[in-house]
Amino acid sequence: FPSADELVIEDTSRSGDSISVTIRFRPLSEREIQRGDEITWYPDGDRLVRCDYVQPSAYGYDRVFGPSTATEAVYDVAARPVVKGAMEGINGTVFAYGVTSSGKTHTMHGDQNCPGIIPLAIKDVFSLIQETPGREFLLRVSYLEIYNEVINDLLDPTGQNLRVREDAQ
């Protein structure tokens, strides 16, 4: 396979109104290290993901972050443009997808030392509101979990096992 430098990847500069696919690798856990687990997929540059194990493969994405990347750097690229667009009236979604234990919750929630995308977005939303005193804002937020094809509203404990509909209900 060619190196990341040899590949021609289309410029995907974002204006806040398109889809961007971003990959974040988490580091191996202490348990995985003790078991002798190995990393099979890894970032190659900031736009390519490779696997040299069994059948070599490579895939390109809008942005790829390695395991040592801080959540704030991921937020700046993957979510801040969505938040900015939403504050300008454009509907936006940040969608975290991955297998169990892939790092979705840590990336979205974070912890005391490293806030996740959600607290960073909330901070930005209210900062943007404070910076625009002459404008009124109406905020509507959804926070859903889809697990084993079951949809739960994480902001409303009564909204469990929801159905997807294509009408007003």
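Note: Cβ is positioned from N, Cα and C throughout, glycine not excepted.
A TrEMBL annotation is a machine prediction, not a hand-curated record.
Marked as ATP binding site by TrEMBL: Gly98, Val99, Thr100, Ser101, Ser102, Gly103, Lys104, Thr105. Cβ neighbour count for Lys104 (ATP binding site): 18 (other Cβ atoms within 10 Å of its Cβ, all protein chains included).
Over the domain 'Kinesin motor' (18-169) the predicted model carries a mean pLDDT of 92. The domain 'Kinesin motor' annotation in TrEMBL covers 18-169.
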Worksheet entry | Around the Cβ of Thr100 (ATP binding site), the count of other Cβ atoms that are within 10 Å | 7
